[in-house]
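Peer 1: Copying in the features that TrEMBL gives for the protein in this structure:
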- 248-387: domain 'O-antigen ligase-related' (DOMAIN)
- 71-89: transmembrane segment (TRANSMEM)
- 95-112: transmembrane segment (TRANSMEM)
- 119-137: transmembrane segment (TRANSMEM)
- 143-164: transmembrane segment (TRANSMEM)
- 176-197: transmembrane segment (TRANSMEM)
- 240-257: transmembrane segment (TRANSMEM)
- 263-282: transmembrane segment (TRANSMEM)
- 289-312: transmembrane segment (TRANSMEM)
- 375-398: transmembrane segment (TRANSMEM)
- 410-428: transmembrane segment (TRANSMEM)
- 434-451: transmembrane segment (TRANSMEM)
Amino acid sequence: MITARDMAVPAAAPNMPSAQARAAVMPPPAGIRGPNSYAPAPGRAWTPAYAGISGPYSIPRPVATPLSERILLVVLFITVFASSVAFIEPSPHDGLMGVLAVACVIAGVRFNRTLIVPFALLLIWNMSGMSSLLRVLEYEKTLQYAATSVYLAVAALIFACLFSTNTMPRLTVMRVAYVSTACFAAVLGAIGYLNVFPGAAELFAKIGRANGAFKDPNVFGPFLIWPALITLERLLVRRIALTDLLVAGTILFGLLLSFSRGAWFHFGVSITVMLALAVLTAPDHKTRLRIITLTAIAAAALAALLVLLLSFDAIGGMFKERAQLIQSYDVGSGGRFRLQEIALSSILNFPNGMGPFEFARVHGLQQHNVYLQAFLVYGWVGAMAYFLLLITTILVGLRCAFVRAPWQPYMITAVAVFIGEVAEGFVIDTDHWRHFFLLLGIIWGLAAATFREARQPAYLRSPALSR
């Protein structure tokens, strides 16, 4: 019988990794719990005889991060942080995406075969949009609209390629940048809404609702949801930290001050999906109980805090006005609902689409429904490609959310927010929201990383990757 002592080799061999490192990559045989579960000879530790210091079974040695990768991480941070400044077109984020693309090329970022699906659907969607553009090319800003659609599709693919490899370091940089800029945006929104200094309201709360450095509070609000959820997930599942509490409170306060009914609905849908996935994917009953208990406590605390905030006239009055289900601009001959009825008939009359802004030019206002927008601007073929893109993204995201991987919390929160954004699309146009395409890139990039890991031999997989 071969014993563990027979399989041992000297741990003091030149360049030999530590016993802990060897055990992390190649666990001991059945019956041996680890390198310290028996008494080896002095100076010796358990090591599989075939786990040499070179060859296909060797343990990778730590290497320094290449300069090109460090540059990429810096550019990624700056690009994501700049995404909260969107009051001008093109925004600083748009220009930085070009720099990020160059940094990706220098760092050797590659296109993963899993991304063929979103690439094909985004291509069909935009090609169909180009076809409808031809009939309104002479009108102002139509070409810019089409160019923005193409750029955002490319941006989504860049993010997907980025997160498909070297996943956790890049995700961490993105998270820190996004959460930081969300706090920055929320603070600006609060400063504007409360008019902390003369002229603040005109800058950061133009229509009496917080918008930060965005043009529209209805875009500002949804922008804050993913950083809020990723922070809440850390609090509920991992550990309670004062920093995370302050961050979550700041972002949620900004979301409240946006007074965007769509954003509030979006947040409700997204956090419900996130909590359901967190409970279903929890590793044990203790974690499930923690999530449920802390959720109940947090809900009660938020309700009490909301009641306190609404006692202030500056907040309570606007909340009462915005909390009404039906607003004046929703009904009537020129209301949202009537325009959506007209849009439905226009879809049947224009199978190739009307082109950018053409519906608003003819009827005076937008229809405020991204799915009607998909037909009106991109035609029937483009709309079908868009719907398939949404459906496949959700299905792939949910599939990978149940795979236990280091990036599982990111996938859970990203797909939860994406589902909320898809739901909000029934009352607003989301086809040019930059954070929508970031979420799209995150989901497909993490899906590519998950599928790549699953194809690896067992000894090369991430230790956390399991079903």
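Quick reminder: no glycine exception, Cβ is built from N, Cα and C everywhere.
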Peer 1: Verify whether three or more Cβ pairs under 8 angstroms connect the transmembrane segment (434-451) with the transmembrane segment (375-398), leaving out any pair fewer than 6 apart in sequence.
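Peer 2: Checked: the transmembrane segment (375-398) vs the transmembrane segment (434-451), in contact.
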Peer 1: Could you name the stretch, out of 95-112, 119-137, 143-164, 289-312, 410-428, with the greatest number of CB pairs under 8 A to the transmembrane segment (240-257)?
Peer 2: 289-312
Peer 1: Six or more residues beyond either end and a Cβ under 8 Å away: which residues meet both conditions relative to the transmembrane segment (263-282)?
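Peer 2: Sequence-distant neighbours of the transmembrane segment (263-282): 217-218, 220-222, 224-225, 228-229, 232-233, 236-237, 255, 288, 291-292, 295, 398, 401-402, 404, 408, 412-413, 415-417, 419-421, 423-424, 427.
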Peer 1: Restricting to the domain 'O-antigen ligase-related' (248-387), what is the model's mean pLDDT?
Peer 2: 90
Peer 1: Sort out the residues at least 6 away from either end of the transmembrane segment (289-312), same chain, that have Cβ-Cβ distances under 8 Å to it, and list them.
Peer 2: 232, 235-237, 240, 252, 256, 275, 278-279, 282, 319
Peer 1: Considering pairs 6 or more residues apart, do the transmembrane segment (434-451) and the transmembrane segment (143-164) have at least three CB pairs under 8 Å?
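Peer 2: The answer is yes, given that the two segments have at least 3 Cβ pairs within the 8 Å cut-off.
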Peer 1: How about long-range neighbours of the transmembrane segment (119-137): same chain, 6 or more residues beyond its ends, C-beta under 8 Å?
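Peer 2: For the transmembrane segment (119-137), the nonlocal Cβ contacts are 111, 143, 146, 149-150, 153, 156-157, 350, 352-358, 377-379, 381-383, 385-386, 388-389, 392.
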Peer 1: Within the domain 'O-antigen ligase-related' (248-387), count helix residues (DSSP H, G, I), strand residues (E, B) and coil residues, in that order.
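Peer 2: For the domain 'O-antigen ligase-related' (248-387), the helix, strand and coil counts are 107 helix, 0 strand, 33 coil.
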